[in-house]
Structures are given as structure tokens and as C-alpha cells.
Amino acid sequence: MSYLIKNGFMLDEKGEKVQRDIRVEGDAISEIGSLEAASGETVIDADGLFVSPGLVDLHVHFREPGGEKKETIETGAKAAARGGFTTVAAMPNTRPVPDTKEQMEWLVNRIDETASVRVLPYASITIRQTGREMTDFEGLKDAGAFAFTDDGVGVQTAGMMYEAMKKAASINKAIVAHCEDNSLIYGGSVHDGEFAKANGLNGIPSVCEAVHIARDVLLAEAAGCHYHVCHISTKESVRVVRDAKKAGIRVTAEVTPHHLLLSDSDIPGLDTNYKMNPPLRSPEDREALLEGLRDGTIDFIATDHAPHTEEEKQQTMSLAPFGIVGLETAFPLLYTHFVKTGKWTLKQLHDYMTVKPCEAFGLPYGKLEAGRSADITLIDLEREEKIDKSTFLSKGKNTPFDGISCFGWPAMTMAKGKLVYQEGRLVK
């Protein structure tokens, strides 16, 4: 199938808007320039639309296998397509865990059968994510593992993490870490701050995260491993990562939209749609995250899309599971609150969600160039709509942003040369 995307605008290397047409043949971009339609070619009129590389999210939870009531690979991929994402990386805290070559092969086949966008599967660092016995890294890599993580829990012992890092380095794969010292969680459900005190809740202190990162960057230095910090959330953590980068340690970090947009002072009562892990931190932490993103300490943005059933989220703040969904709201929220207000340029947001995650992990995506995969998102920057969780394609409706008015909604998503979302509906 051949497509010609005409009349839209792209960003050049300086962030200037330039009008360009894009020809797609098969699964790749074949030409970019001022182009005329060829015979039999399908023309997509992108007049007034921002033509972006497909967005990239390297931290999602699709729950399959074992959690299909919350999400499946198919529904998660549909949510990604609606949100403008063409490449996502799925975390391994499923049941069973992808901790064997056979389980990874099953997962890769399931992705091929049901996903409308590119889904990169993480493998677990330890068997069943228990932290006790390391998985077969070589076998999992051969079966298609993107990287290794026990996300959902932190690897508690330094010895296990060090051995995992050495093994990962030997096969040129990254260790991706959920950073949390279990002895410092204290049964918490929110940040250990004013909100916790006012509502009589156990709090999770900032040091719970930062102390794990401090340990791990030293282990990564010793092992020669690429170490990536998931969903960084505290000013202390930002300081540790900044210092590690200055020391030449190969560390990267991501931050979520919700940690950039909200702090614990924004939680309206005991609303479990504001419960996630790591929790919303203090306003000072939020400012440190924004500064870390600006100065390059934090490399890119990832949603940590974490769907749950409505029944689960109707429990108390202490009992409800951690997590919110984010794939269908990330770009509009960030564009509205940071680009429309002049705090960021469109180029900065574009890079945080396309170029930079791909550069961090050496992925050949995130750019619009001839010869690259035809992963393209058309975004209407002027369209204003309210977030309506009832329209989500994800099974999860657990969002704190329901009803918020946003600009910058994806109008069409093309993944690997196939139209997967267009004008408010999926393209079959």
C-alpha cells in the first residue's frame, strides 16, 4: 500500500515548522519533500496538522497474560494508537512472568497476533520477579526480550543486581529499574508528606527511591552496564542521577506526565485515581523533575500506563492498587500545560516523546527520514476537547485527569505503514 501525506508541517532540526509531504511505500518512508501524488496512491490531507514521528513510550503495563480484566495486548495497543504512540515497551509483571525463553516466545507471538502497534517486551531480571534467582538472559534475548527489569518491585539485594548488570552488559542489554527499598516503604500508599499526615495515611519517603538509585549507579559503574531509572520522582533521585552522569556512568532516566503535572498537594481527598507508585511527591520534587528534564538529567517521558478495573480502584486509598492509565492523554496534557503556556517548545516535547527514548536505548525509530519505518502521527494542535474516560480504548478508566480540557489531539496514527487510528476511530 502506498500513501502520500500532504500539506502537513514537520519540525526541522532547529524546531522550525516546515511544510513537507511524506510518501510511504509498504512499511517504510520512501520520500520526504514537495511531492505529487502518483497513480493509485492514497492521499492523506494533513492540512494544518503537525506531522510527528510516532510517539514512543518505553514503560507500559498491558497485563497479558493473567490480568486480562485490566488490559490486554490488543486493547493496550489500541489505546497507544489513539494516543499517537507507535512503539511501546511492555513491562513483565504479568502472570506468568516472561522469565523463560518459552514464555517470551509465547509473548512475542501474542504481540504479533494482536498488537496494532510495535510492542517491545521486557523480560524479568529474576524468576517470578522474586529477587532470588536470575533468569536466562541469553535465552530471553534470543527469544526477543527488549531489556531486563523486575518493574513493579525493586531488586532488593545488591549482589543480585550486580550479577544481573554484569550479565546484561555482556549481551549489550539494559537493566531497567523500579527503584524502591522495601524496608523503607512502611506500608505507604502516598508520599510521606503533608497529604499523608492530614489524612492519617502511611507515607512512602523520598529516600525509599533515592537510596536504591544511589546503590545502583555505583553497581552500574562497576559492571559497565546501561542502567535506566524508571519513573523518577524525587529531588534527591534527580541529584543522584545528575551526579552519576557527571561521573561518566551510563545511566538514563524517565519521568511520567503525572509526576510533571501533579504533586501531593493536588490530591482532592481520598481519590484513588491519584494513587500511583511512585506516589505524587511534594511541589518541590515536581520542580526538581522539571529542572532535571530541562538540563538533561532526565532523558525522556514515559507514561507508566497502568490500567486497573473500576472495582479495584473503588477500594480505600490504603487497599486500592497503585497506578493510572496514560497512553490516551499524555500528549494533549503535556502540550496544553507546557507548550501552550510557553514553558516548553514544541520541539522539546517532540524530542522527549520520540527522539530521546530511542537514542537512550539505541532504537531505530523516533525520526521521520527516508528509509525509516513508517511510524507517523498527525496531531491537531488547535483541537480542544475534554478528556472523557468513557471513550478510552484502554480497558482502564483510572485517570485523575477526567474532564480536563486539552489541546493537541492525535488525528491519525500510522504504525509500520498501516493506518491504525484515524479521525476518532480505529482503522481495520
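Glycine residues also receive a Cβ, built from the backbone N, Cα and C atoms like all the rest.
Here Swiss-Prot has His61, Phe62, Arg63, Asn93, His308, Phe322, Gly323 binding substrate, and the candidate from Asn109, Asn277 in that same listed site is Asn277. Here Swiss-Prot has His59, His61, Asp151 binding Zn(2+) 1, and the candidate from Asp304, Asp351, Asp375 in that same listed site is Asp304.
According to Swiss-Prot, the residue from His178, His191, His258 that belongs to the Zn(2+) 2 site alongside Asp151, His231 is His178.
Rounded to a whole value, the Cα-Cα separation of His178 (Zn(2+) 2 binding site) and His61 (Zn(2+) 1 binding site) is 13 Å. In sequence order, Ser189, Lys275, Met276, Asn277, Pro279, Ala306 constitute the residues six or more apart from Phe322 (substrate binding site) in its chain with CB-CB distances below 8 Å. With Asn93 (substrate binding site) as the anchor, the candidate binding-site residues are Asp151, His231, Asp304, and the one with the nearest CA is Asp151. Non-local contacts of His59 (Zn(2+) 1 binding site) by the CB criterion (under 8 A, 6+ apart in sequence, same chain) comprise Ala89, Met91, Asp151, Cys230, His231, Glu254, Thr256, Ala302, Thr303, Asp304, His305.
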